[in-house]
């Protein structure tokens with residue numbers, strides 16, 4: 001239990017990126033009862049000095065929820081210890097007093113030693129009380145320290161849940177092969193049945209979860225985080241069994257994207273309590289989400305719906321009564337454009353930096369050869385050293401490119417998709433408004449029909465018309481209530497989204513700048529090591 | 001801009017040349033060559049003339065064709081000024097003017113001007129170095145053509161090579177390379193020259209390779225710097241655009257990002273261009289210089305082949321019994337020429353090696369020091385920005 005007080009160390013232990021080797025021999029032929037044998041690829045050489053190095057896979061403590069020791073637990077421990085000491089002290093007190101009593105009995109007359117006894121008894125109690133007060137205070141301070149320590153490590157935590165995706169394997173064979181991810185949830189929340197759950201999920205399960213949540217909550221105005229995208233090209237390459245760099249990267253990209261997706265989902269207070277989410281995280285068997293396949297009936301229906309939505313968006317002209325919404329819509333449109341531009345720039349940066357590292361490596365080789373053919377010994381040595389420095393720099397550039405990519409580029413991609421989800425929520429509101437308007441139009445029509453019937457004097461149809469009017473009045477009221485509700489929800493969601501967004505960005509940018517600082521400091525180290533060599537050329 | 005001289009050649013005050021100014025008119029660059037001299041062979045103690053790039057090439061070619069200088073390493077001709085890069089960028093800027101904001105446009109224009117200036121300075125330096133090497137060499141500085149180049153205050157109006165001469169030149173080059181192959185098979189008597197030949201052949205291919213790779217590396221580095229520019233511009237836009245409750249906080253962020261643009265992208269740019277100047281330029285220059293040394297060896301080998309041919313002719317004449325005196329005379333001349341070339345060649349090659357080592361040392365040290373300086377700069381700026389962001 002003491003161990004769990006250091007969540008950072010624990011995170012590192014669990015979440016060091018261990019990936020499965022994608023070789024055919026390790027694939028078990030049967031698809032039910034998967035015998036997952038995680039085999040290890042070349043581990044990323046994480047710098048052992050950097051505690052936070054292993055945390056890129058769980059998207060840093062700031063974005064995930066930390067496992068914070070429950071206040072109750074540490075408080076209980078303190079109280080118990082204090083109570084124990086109190087009893088001990090009373091015992092000691094009693095024995096001491098008896099001793100004193102004995103001593104005084106020997107030397108003083110009876111009436112005096114009663115007073116003395118009382119006096120000493122009271123005195124000792126006060127003394128001990130003061131001592132214990134001091135001890136209690138000490139324990140309370142220690143307890144506070146632990147709490148502060150936690151919140152120092154967990155910069156944002158108020159919830160206590162941590163999700164890590166780890167250990168993925170390949171099951172099935174050939175083109176039917178699929179990846180299975182082990183999802184580990186560690187939590188102290190009461191809505192979960194256990195503290196620690198580990199389940200196996202497929203990619204289609206994640207998509208299924210997202211579609212269920214979207215259908216339940218989007219129309220209420222909640223921003224449901226979007227799931228990672230399908231990629232046929234990537235998966236096919238991986239399935240074919242190529243172990244080259246791009247398929248390893250693809251697998252790692254997908255794993256971290258799924259992790260971020262789950263973390264974002266549970267960050268949302270309403271989604272966390274959703275039974276579908278709980279089932280996803282906890283139950284060992286999950287019904288196959290067949291409807292997420294592109295060519296299934298549900299998939300085609302989805303595409304049709306999407307097309308219909310696009311058409312609707314163009315035709316619905318909402319007269320916006322609330323300036324806040326109009327402003328926000330404009331803002332999100334701008335943000336979308338700018339984020340996409342930024343994303344494109346960052347991707348170009350990643351690409352160029354990779355190129356730079358490749359070119360630096362080839363220059364290093366060429367400089368080494370030049371050094372070999374140089375006949376002046378000191379110059380030759382200096383050139384070989386230069387080649388070594390350049391090689392180290394190339395490795396540095398490669399690492400920086402990885403950081404560029406995993407820190408910023410992926411985050412931007414996530415946010416571009418999130419903004420699309422936000423715009424979708426605004427569209428839902430528009431649809432609700434349209435429905436409300438339609439209901440009002442219908443009500444108007446029914447009223448006109450009723451008025452007409454009243455003139456024509458048909459009593460039975462009149463009753464029916466009145467019923468219909470009541471029904472439609474109810475619908476109009478419901479529609480207006482829905483509209484109110486969705487507007488309120490959206491306001492709250494957008495507020496939460498903006499706060500999260502600013503926080504996320506700030507944190508990521510700080511982390512990125514720190515990685516840049518680290519790179520530059522390494523550069524300085526390498527060049528400073530080279531300088532005396534260069535000066536030594538006679 | 002840093003001092004980008006590869007050599008310190010103006011130590012001798014009797015003939016001091018520099019190029020203080022240059023004008024760029026569309027395609028042509030007009031250099032102002034300024035000479036200060038105390039030598040009596042010059043008419044005036046100080047000159048200032050206008051020369052074009054073609055004039056430099058003419059000077060180089062005439063020196064190469066002079067028989068007397070066959071035993072010397074002739075300083076390589078400066079490469080043609082290449083404004084292709086900036087010109088392309090200017091074109092792109094002109095096209096994209098409508099789609100960019102005013103600030104972006106101004107920023108890009110500034111960058112473009114800086115790049116143009118860099119290329120300009122580089123080409124001026126290369127031409128200057130060429131003249132300075134000629135002036136510091138005891139034999140070249142006495143050359144009549146060199147004097148004319150420095151003195152003649154009218155336009156040199158160097159006759160452009162007409163088609164026949166161009167073709168002739170091309171053909172000569174082909175013959176030369178074929179000869180080189182033949183001559184590298186000729187048995188070398190002298191140990192020193194044998195070593196030098198092997199070394200130079202090997203070294204020239206390696207240095208050409210290194211130059212190409214260094215150029216590619218510098219180009220990617222510049223691309224990365226460019227990207228950082230765009231990224232910080234985009235970040236700026238995002239931060240500036242928000243008018244939410246976080247406005248004050250985001251304004252501060254915008255400041256930080258502007259500073260970041262300076263720290264990251266400008267520093268990366270500086271690093272890339274300094275690396276280019278010191279390392280890539282050094283390698284480029286020495287590729288050309290090694291070629292000139294190889295040319296010297298080629299000429300000597302040619303003289304050796306001539307000497308051997310004259311020997312064979314003498315033997316044949318002795319056998320036949322006629323024209324013996326002429327053949328003997330011929331042989332003696334060839335021997336003399338060969339000996340002269342060998343002697344001066346040895347001197348030149350030794351001093352060339354010393355020069356090369358010194359230049360490499362100087363430039364490697366300077367490059368390392370600059371890289372360290374820029375990296376330290378960047379670290380302090382980045383850390384400052386991190387502090388500001390964290391304190392929000």
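Even glycines carry a Cβ here, placed using N, Cα and C.
Residue ranges A:52-71, A:72-91, A:192-211 are listed, and TrEMBL annotates A:72-91 among them as transmembrane segment. Looking at A:434-461, A:462-489, the range tied to coiled coil in TrEMBL is A:462-489.
Note on TrEMBL: of A:26-46, A:152-172, the range annotated with the feature transmembrane segment is A:152-172. Among residues of the same chain six or more beyond the coiled coil (A:462-489), those with a C-beta under 8 A of the stretch's C-beta atoms are 219-222, 322, 325, 428-429, 432-433, 435-436, 439-440, 442-443, 446-447, 449-450, 453-454. DSSP places the residues of the domain 'PX' (A:159-288) in helix, strand and coil in these numbers: 65 helix, 28 strand, 37 coil.
If you average pLDDT over the domain 'PX' (A:159-288) in this model, you get 78.
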